[in-house]
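A.B. asks: The following block contains the structure, expressed as structure tokens.
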Amino acid sequence: MSDLLTLMEVGAPVAALGGGGAYLRAKHPAAFWCTAGLPISTARMLGTYGSTMEACGLTVQPSRLRALFVQATTRREVRPVPPRRGLIRPTSTGMRVRLRLAPGQEPADVAASAERLRHAWGVHAVYVSEVKPGVVELRLVGFDVLRKVRMPRKTEGGFLKVSVALREDATAYVRDYRTTPHQLTLGATLSGKSMFQRHLVAGLAPQPVALVGIDCKRGVELAPFAPRLSALATEPGQAADLLPVLVQLMEDRYDLIKARQGIAPGTPDEEITSDIWGLPESERPVPVVVFVDEVAELFMVATRKDEERRDEMVTQLIRLAQLGRAAGIYLEVCGQRFGAELGKGATMLRAQLTGRVCHRVNDEASAKMALGDIAPEAVGAACAIAPERPGLAVAGDTSGGWSRIRTPYLSLADAAAVCAASAHLVPDVPALDRFRPVVPVGPANPPVSLVKPLPVTG
Ligand SMILES: Nc1ncnc2c1ncn2[C@@H]1O[C@H](COP(=O)(O)OP(=O)(O)OP(=O)(O)O)[C@@H](O)[C@H]1O
Ligand SMILES: [Mg+2]
């Protein structure tokens, strides 16, 4: 009897602790990591570092001097040496540690063992990046950070930069218009493309930038941001009017830059510029970001007459993508598919859009349209995105790198509220004035129903 009581006294708290831990891990992985995961993984790493590195083939033979020294001082067997490890730096989502590579090793050797290291140390994932020649950083992520996205507190912000999503290695994915002027976001319906754009609009709204929307779904996605938009086109006819104005704006800006270059033969070198950023601040025109939601709508034609209009629009979009950067005009294009089947000009326009984000797609061909020409191995990752995780996407860049990202949830109402609050920041771009959306003034009081409600009987 007393044995049973002792067992219950010891077993009950252990079971409660185990159950509590499992619950925490499943429901609040971040809290679990901070309380239990981090100490356990740190202990595992410290305790097994040498043997894990040896098992992964990441050790090298010690130098002769070292071997002699070890033999002379400890008389123990001389073991291969692992890369020298720096301090372990814990974070709220994982930990970081730097390794100094031994002669003859390269970062790819460590990266090839990332999967083995993650199992050895019981973490969700291990990422390897080169810090400087000979030094790599291991970023250990304790749990699946893309399940419930929480952006890092400190993110790289700044003019024309928006932290729009979280990468799987728990760093922020920043959309930087100065380095990647134009971007294409593809994905099946309900995959999270508009959420991605919503974040961009909300992130750019407080900045001195003109925002232009072309949303051929009658404006359902972009019209709520009307207070902050400098121009909005909600059907192809309006887009056909707006695009030439944007091209003209771009040409005027080129004239401005050219005029500056030819100011006087003795203009100092630093004042000669080939884009708007070299112009003095007082003369510099405001950057324009053009959002195009559902780009395929601009390519569709019903009649022969429309065909001419379509070709013109496509040419104008290509010109904006080709020359817009120097004039501070950036394209943010969204669509479900964007391939040669859309007709003349589609692949040419796609080739101009440097940044690529691919949400969930219905077939491999769609993923190839987004990523095939820049990071072919990312196509498989994009095809594997599950429908129950909207917002999850694969972001590639033209350097061949890619990563999984996911946007945090942002309701349309919240994004619209940000736009309404920054309505006074709409810059003065006279060319776009006639396209400025009319912002409906909401009723001060909810409308009063004149119909007397009747009780439901039945
Ligand atoms: N990161 C996210 N986290 C949670 N829910 C999301 C996320 N991104 C999108 N969603 C949800 O998924 C649904 C579809 O998102 P969204 O409207 O952005 O898709 P879409 O790709 O633009 O679809 P469509 O092509 O039909 O316009 C919305 O209900 C949205 O709330
Ligand atoms: Mg959408």
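The backbone N, Cα and C atoms fix where each Cβ goes, and this holds for glycine too.
From TrEMBL, for reference:
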- 167-368: domain 'FtsK' (DOMAIN)
- Gly187, Ala188, Thr189, Leu190, Ser191, Gly192, Lys193, Ser194: ATP binding site (BINDING)
A.B. asks: For the ATP site given as Gly187, Ala188, Thr189, Leu190, Ser191, Gly192, Lys193, Ser194, which other residues of the same chain have their Cβ within 8 Å of the site's Cβ centre?
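C.D. replies: Surrounding the site, in chain order, are Gln336, His359, Arg360, Pro390.
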A.B. asks: Which one, from the binding-site residues Gly187, Gly192, has the smallest tally of other C-beta atoms lying within 10 Å of its C-beta?
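C.D. replies: Ranked by other Cβ atoms within 10 Å, the binding-site residues Gly187, Gly192 bottom out at Gly192.
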A.B. asks: Given a separation of at least six residues and a C-beta threshold under 8 Å, show me what packs close to Leu190 (ATP binding site) in the same chain.
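C.D. replies: For Leu190 (ATP binding site), the qualifying residues are Pro387, Pro390.
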A.B. asks: Can you tell me which of Gly187, Thr189, Gly192, Lys193, our binding-site residues, come within under 6 Å of ligand 2 at the Cβ?
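C.D. replies: List returned for ligand 2: Lys193.
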A.B. asks: Restricting to the same chain and to sequence separations of six or more, state which residues have a Cβ under 8 Å from that of Thr189 (ATP binding site).
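C.D. replies: Looking at Cβ-Cβ distances below 8 Å from Thr189 (ATP binding site), excluding near sequence neighbours, one finds Gln336.
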A.B. asks: Do you know the mean pLDDT across the domain 'FtsK' (167-368)?
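C.D. replies: 89, rounded to a whole number.
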A.B. asks: Quick check on the binding-site residues: of Ala188, Ser191, Lys193, Ser194, whose CB has the lowest count of neighbouring CB atoms inside 10 Å?
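C.D. replies: Comparing Cβ neighbour counts within 10 Å for the binding-site residues Ala188, Ser191, Lys193, Ser194 gives Ala188.
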